[in-house]
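Data block below; observations after.
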Ligand SMILES: Nc1nc2c(ncn2[C@@H]2O[C@H](COP(=O)(O)OP(=O)(O)OP(=O)(O)O)[C@@H](O)[C@H]2O)c(=O)[nH]1
Ligand SMILES: [Zn+2]
């Protein structure tokens, strides 16, 4: 073989390992049958190995095909179904292919657990649902969910509930400098701004237990009947014991993917610095940082400090960004 060919094959070996090309040369149809003629579906919930899917407007229950990984299907996935897709009582279809995801929202159970868990696929927006009181807002948790959103390239929105109990001013001050949109609700409040933000998006709702997430979802999705209150009538336990997310169609277009209330939000899977890229202005300024700069307040000669000093960057924006970065530690 001549020079250039040899170089290319060496590069391939380096990246993919030696036996990879041989496996690839097997007929493609044997490894991946062509499923493109099968109906597409959206996975709306998962319960004990059963995947509840929507094919157009039809609910179909499916099991996982043999070639699909045990953890390979999550709520929000677009899949192809084989077998019986009538959705008739007692019928089961089979998920044979998971289509490429545009986004994946992940969390780890807690930061001691480095195992990352994908929880929702294909969301383009994330509502961080936070009560202004009862339970009191936890800035640390908001920051961690923000970090997960920026890391996944999903647009975060802060949705503040229970404004009848406390003022949103402090949280506005903390998050407006980051450019996070803020919506405020209370019982009976006009939800027009919330509906407008949701229209035509796939929005995942994340919130601590008890913040009023189900109450809000029930107002937004007629017939959603999400269980509200502390205790589930079904299980006698808190509703947070349910483990799956649930996708619901909005009346005017778009989807809400509600997730069970969480008590913590682990982000051990997110690398420090990976969120800088979500802030165009900050990444541009940070190009002048010394190599390996952590951009925190102790970082020597961080270009972000210079930018504040000479007025190119608002101090409040840098402070908010750095507070969020501290969520990692
Ligand atoms: N004062 C006030 N109470 C609210 C508001 N929204 C919800 N609540 C109450 O807060 C409690 C919790 O509401 P839920 O909607 O069940 O909260 P959740 O976030 O779904 O909680 P989990 O089921 O644990 O995930 C209920 O008693 C609601 O009636 C609000 O805007 N103001
Ligand atoms: Zn820096």
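Glycine is no exception: its Cβ is also placed from the backbone N, Cα and C atoms.
According to TrEMBL, the feature region 'Disordered' maps to 1-36.
Annotation source TrEMBL lists compositional bias 'Basic and acidic residues' at 10-20.
Under the heading domain 'CP-type G', TrEMBL lists 112-265.
If you look up TrEMBL, you'll see 121-263 marked as domain 'EngC GTPase'.
Within its own chain, residue 207 (GTP binding site) has 127, 128, 129, 130, 213, 261, 262 as residues 6 or more apart in sequence whose C-beta sits under 8 angstroms from its own. Marked as GTP binding site by TrEMBL: 161, 162, 163, 164, 207, 208, 209, 210, 211, 212, 213, 214, 215.
Residues or ranges marked as Zn(2+) binding site by TrEMBL: 289, 293, 295, 302. Counting only residues at least six positions away in the same chain, the Cβ atoms of 295, 299, 301, 302, 303, 304 sit under 8 Å from the Cβ of residue 289 (Zn(2+) binding site).
Sequence-distant neighbours of residue 211 (GTP binding site) (same chain, 6+ residues apart, CB-CB distance under 8 A): 129, 130, 131, 135, 161, 162, 261.
All protein chains shown were included, and the count of other CB atoms within 10 Å of the CB of residue 213 (GTP binding site) stands at 26. What surrounds the Zn(2+) site, by Cβ distance within 8 Å of the Cβ centroid and not counting 289, 293, 295, 302, is the set 286, 290, 294, 296, 299, 301, 303, 304 from the same chain. Straight-line distance linking the Cα atoms of residue 209 (GTP binding site) and residue 293 (Zn(2+) binding site), rounded to a whole number, equals 37 Å. Taken residue by residue with DSSP, residue 211 (GTP binding site) is part of neither helix nor strand, so it is coil. Proximity of residue 293 (Zn(2+) binding site) to non-local residues of its own chain (separation of 6 or more, Cβ distance below 8 Å) is seen for 286, 299, 301, 302, 303, given in sequence order.
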